[in-house]
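Have a look at the structure below before the remarks.
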Amino acid sequence: MRIEQLREHLRALGARPGHEQSVLRHWACALPQQRRSAREDVLPLALREALPALEAELQGLARLRSEHSAEDGSARLLVALADGQTVESVLLPRDGLCVSTQVGCAVGCVFCMTGQGGLLRQLGSAEIVAQVALARGHRAVKKVVFMGMGEPAHNLDNVLEAIELLGTAGGIGHKNLVFSTVGDERVFERLPQGAVKPALALSLHTTKPELRAQLLPRAPRIAPEDLVAHGERYARATGYPVQYQWTLIDGVNDGDDELDGIVRLLAGRYAVMNLIPYNTVDGLAFQRPAWERAVAMAGALHRRGVLTKLRRSAGQDVEGGCGQLRARALGGARWIKIEPVSGTGAHHVDQF
């Protein structure tokens with residue numbers, strides 16, 4: 001379901017714009033539709049009579065199948081959709097929520113569990129917001145990051161529609177809505193045009209174009225320099241820095257040569273580098289580097305003029321890597337290995 005379809009249904013029941021916003025606010029904020037102030041209790045009769053069935057339908061868009069709490073205060077939610085498919089959401093410490101935008105993913109990042117199964121279907125904008133409503137039934141949600149299963153750029157209309165609602169009726173500050181992408185020209189065209197302009201996170205992972213093409217095999221072929229240039233323009237236009245995501249993988253992208261590349265790209269930019277040690281996935285032949293190495297990299301980048309945050313992967317003890325919980329429920333995994341090609345400085349990907 002798309003939010004626009006929901007709006008059309010409300011209008012057919014006699015809702016005026018204020019009525020629409022009231023119903024959508026109650027839904028997105030997980031407030032019972034039947035509990036309204038006297039001022040709000042002026043909905044048209046047909047709409048009031050339809051509310052119980054409507055509320056049940058909206059709740060059915062995303063239902064909790066299982067919850068797995070972690071020691072760091074995060075909790076991974078396996079969410080069942082109305083058609084029986086499942087996606088993952090993650091309740092993050094400090095009132096954050098990570099939501100999914102697709103069932104599966106077409107980018108095929110070789111270190112990501114979600115990417116191994118390909119794309120099954122898009123989520124409708126209402127299904128995306130429904131994850132927020134479901135989470136708000138558990139705890140407060142003041143920040144939403146679109147970093148769960150799926151590539152938001154590949155479901156752009158639905159994601160932007162969800163962002164518009166969350167940034168208005170949903171009561172979430174625009175900079176606390178974080179659109180995460182591997183990079184796509186359509187994103188850089190569309191985001192500046194929206195009434196709600198989210199913060200932007202770009203999945204960089206390496207400064208080497210050839211290695212990035214292997215790690216993210218079906219991502220658009222945008223050179224790291226061009227990706228950063230796009231990000232810088234958006235950051236200056238919105239007034240909040242771009243977050244660059246870097247999944248630290250032992251022996252793959254944690255070398256001193258990558259440090260030099262990051263400094264070349266990001267020193268002096270309106271940017272934050274997020275170093276995220278790899279969240280180990282059963283069946284994938286990647287490992288996180290030693291914590292001491294991650295700390296050393298963050299410190300070196302700070303000293304060389306790149307604002308850097310070293311993040312512990314949320315939910316490491318509850319299968320916190322993207323797609324792990326769903327894969328565990330479905331069963332199956334595929335081994336992937338990246339090895340240096342002797343004498344070339346490049347890397348070779350083996351899948352078996």
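Glycine is treated like the rest: Cβ placed from N, Cα and C.
Among the features that Swiss-Prot reports, active site, proton acceptor is placed at Glu88. The annotation active site, S-methylcysteine intermediate is assigned in Swiss-Prot to Cys322 on the grounds of similarity to another entry. Annotated [4Fe-4S] cluster binding site per Swiss-Prot: Cys105, Cys109, Cys112, in sequence order, evidence recorded as similarity to another entry. The annotation S-adenosyl-L-methionine binding site is assigned in Swiss-Prot to Gly150, Glu151, Ser180, Ser203, Leu204, His205, Asn279 on the grounds of similarity to another entry. Residues or ranges marked as disulfide bond in Swiss-Prot (evidence: similarity to another entry): Cys98-Cys322. For 91-317, the entry in Swiss-Prot reads domain 'Radical SAM core', with the evidence type sequence analysis.
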Nonlocal residues around Glu151 (S-adenosyl-L-methionine binding site), in sequence order (Cβ under 8 Å, 6 or more apart): Thr101, Gln102, Cys105, Ala106, Val107, Thr181, Val182
Inter-residue C-alpha distance, Gly150 (S-adenosyl-L-methionine binding site) and the residue listed as 'active site, proton acceptor' (nearest angstrom): 10
Rounded distance in angstrom between the Cα atoms of Ser180 (S-adenosyl-L-methionine binding site) and Cys98 (disulfide bond): 10
Euclidean distance between Cα atoms of Cys98 (disulfide bond) and Glu88 (active site, proton acceptor), Å: 8
Three-state secondary structure, which DSSP defines for Ser203 (S-adenosyl-L-methionine binding site): strand
Site of maximum Cβ density within 10 Å, from recorded positions Cys98, Cys109: Cys98
DSSP three-state assignment (helix, strand or coil) for Cys98 (disulfide bond): strand
Span of Gly150, Glu151, Ser180, Ser203, Leu204, His205, Asn279 around S-adenosyl-L-methionine - largest C-alpha separation, Å: 18
